[in-house]
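Features as listed in TrEMBL:
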- 27-50: transmembrane segment (TRANSMEM)
- 62-84: transmembrane segment (TRANSMEM)
- 105-126: transmembrane segment (TRANSMEM)
- 156-174: transmembrane segment (TRANSMEM)
- 186-215: transmembrane segment (TRANSMEM)
- 227-253: transmembrane segment (TRANSMEM)
Amino acid sequence: MFTQSVETIVEAAVAKRDKMNESLPRYALAALLAGAYVGIGIILIFTLGAPLAAAKSPFQPLVMGSTFGIALTLVIFAGSELFTGNNMFFTASTLAGRTSLWDTAKNWVVVFLGNLAGALLLAWLVQGAGLFKAAGPDHLIFAAAAKKMSLPFSELFFRGILCNWLVCLAIWMSSRAKSEGAKLVLIWWCLLAFIASGYEHSVANMTLMSVALLLPNHPETVTLAGWLHNMIPVTLGNIIGGAIFVGMAYWVISPVRGAVKSK
């Protein structure tokens, strides 16, 4: 039913594995860019959302969700390596026998750390630019970060699953779309659903929580311990959402197989 699309995803994962093995520094740079690109989207939506939150506007989730599409658009169209997307890619390719469990684990670790480096770099640039220096303790960026840092582990975990289910669906559908316009619309819809619904994305949270931590006037509810409290369950949930609900699901529907080949 989806054999050609699954094969496309599998071949993409093989190409990613080969590029990583060919030059780890260059591949890590591509991961760094993805972390920064997602961060650009976060800064945009919180810049737009802050005055709406202050005004208690019911349109805040709609506006923020409608504009976050720039994040995945940059990742896909500019070209970069996103941890949450690779959860889907490498699950399908490993089930197909085209990559190994070691390839998958290595890729996820390298890309996660690269995304984190990019998110931290962007957070440092934003802090240096003074974009939120006038933010009070009740500013949206602090309120959102504090909430993410205090939600129960189980809620963060399940929100992570739901989030990456949508993000990987956006990548999956855009890989099947025939036109650039269709790809953009599909990305827009999925990310609107993710942001407006309040789901949790590990790479997006890297920038949001890091910006909040770096600002000198952050409230006591924004802490490094809270950063870790959020990141662990959200990352685990993201892996399941992308790997099981998209990568494995579509491979089971239309399995493709082949021998593992290392470059």
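Just so you know, glycine gets a Cβ as well, placed from its N, Cα and C.
Contact between the transmembrane segment (156-174) and the transmembrane segment (105-126) is not supported: fewer than 3 Cβ pairs lie under 8 Å, counting only residues 6 or more apart in sequence.
Within the chain carrying the transmembrane segment (62-84), a Cβ under 8 angstroms from the stretch's Cβ atoms is held by residues 16, 27, 30-31, 33-34, 37-38, 40-42, 44-46, 48-49, 52, 108, 111-112, 114-115, 164, 167-168, 170-171, 174, 180, 183-184, 187-188, 190-196, 201-204, 238, 242, all 6 or more beyond its ends. The list of residues near the transmembrane segment (105-126) in space but at least 6 beyond its ends in sequence, with Cβ under 8 angstroms from a Cβ of it, reads 16-17, 20, 24, 27-40, 43, 81-83, 86-87, 90, 132, 202-203, 206-207, 210-211, 214, 235, 239. Within its own chain, the transmembrane segment (227-253) is flanked in space by residues 1-2, 5-6, 9, 83-85, 87-92, 95-96, 108, 112, 148-151, 153-154, 156-169, 172, 200-202, 205-206, 209-210, 213, which lie at least six positions past its ends and keep a Cβ under 8 Å from the stretch.
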